[in-house]
Amino acid sequence: MRLHELRPKTNYKKSRKRKGRGMSSGLGKTAGRGHKGQNARTGGGVRPGFEGGQMPLQERLPKRGFTNAFKKEYAIVNVETLNDFEEGTEITPEVLLESKVIKGVKDGIKVLGKGEIDKKITVKAHKFSKQAKEKIEEAGGKVEVI
């Protein structure tokens, strides 16, 4: 028998630690909490990030930047994904949702130019990148901003 051939016993279940059940259990008396102090008491302990009164790390570090409340987040669709649709179809946000290309519309849909397209399709979206616009129009398709 070698180390890598060792297997645990079948149907073996390690018994849980029963704290505070007598000295001979090994976890009696203080039950692993030490002697006195805040952590020995019920409900004791300090909140996360508390460093004993010292200025906590998250307060020592400088603040940075801000969150723009007016930021628009677009659902992104690449040109290569549009290639999966049949030629001549009109691709709208509803069609993209139904076909599960996007999970949600968010603040609109933006078509980006990754990949190639060789089908003549009409795409209706809120924004297009220059490359995406060029590729769709090169393939004979139409681009409509909604």
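A Cβ is built for glycine as well, from the same backbone N, Cα and C atoms used for every other residue.
Annotation source Swiss-Prot lists compositional bias 'Basic residues' at 10-21.
Here Swiss-Prot flags 42-52 as compositional bias 'Gly residues'.
If you look up Swiss-Prot, you'll see 1-62 marked as region 'Disordered'.
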Distal contacts, the compositional bias 'Basic residues' (10-21) - CB-CB under 8 A, six or more residues away:
27-29, 31-32
Could you tell me what the rest of the chain brings near the compositional bias 'Gly residues' (42-52), counting residues at least six beyond its ends with Cβ under 8 Å?
58
Where DSSP helix means H, G or I and strand means E or B, what are the helix, strand and coil counts for the compositional bias 'Gly residues' (42-52)?
0 helix, 1 strand, 10 coil
